[in-house]
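If you look up Swiss-Prot, you'll see 73, 94, 122, 123, 139 marked as S-adenosyl-L-methionine binding site.
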């Protein structure tokens, strides 16, 4: 079946393959200005701990080239700028221009200049040379990608041999009681918060649905192997609400 006739998930809705990217873009154009505030409210600030653990496992050193993919408002990119120093380079990349503008303004105001570039790009066809980056991170972005397999293969292509990919993403809770509570919170509280803070309940309804449609821990692990990564492992956080997958290129 050609992509023109294929459908894919947009939350719980099936949409034509080529329309998902436009719909996801609409979501993030809508929420970009309040994205950081909503992250703090939705996760009770815990997203900062998840990201801190991701940075700690990145293995980034001075002089490295780092790609923060789907980097949005730049939480990870800011830390990486400090870690690589002026000898290194960080590229903050996002497919969404609104998110990228918020990230650029935020990091510039924090004094992050000289060793960072901002690139609007699609994860499925990254505009970077082969074997270029020492480390790639994608934080809460992979589930929004239409062709995840193609995106993972693209990441593997631009990663240097010896480099690592870190995928921080919502996943499947491993504790049954937590799963029930999490479902109630996701489908009721998140759209309510979205309506109050951003006047956009539908975007946060999509967020809850997109999490449920994202591959579970073991499935994503195998997808990373299939894309060319080795020694893939994952760490559950907060009972599996979030998982950090790490894969290496040799």
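Residue numbering: from 1, along the chain as shown.
Note: Cβ is positioned from N, Cα and C throughout, glycine not excepted.
Keep in mind it's a predicted model, so treat the numbers as computed, not measured.
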Set of same-chain residues at least 6 away whose C-beta sits under 8 angstroms from residue 122 (S-adenosyl-L-methionine binding site): 21, 95
Number of other Cβ atoms within 10 Å of the Cβ of residue 139 (S-adenosyl-L-methionine binding site) across all protein chains: 24
Largest separation between Cα atoms (Å) of residues that the record links to S-adenosyl-L-methionine, namely 73, 94, 122, 123, 139: 17
Those binding-site residues listed as 73, 94, 123, and which of them has the most Cβ atoms within 10 Å of its own Cβ: 94
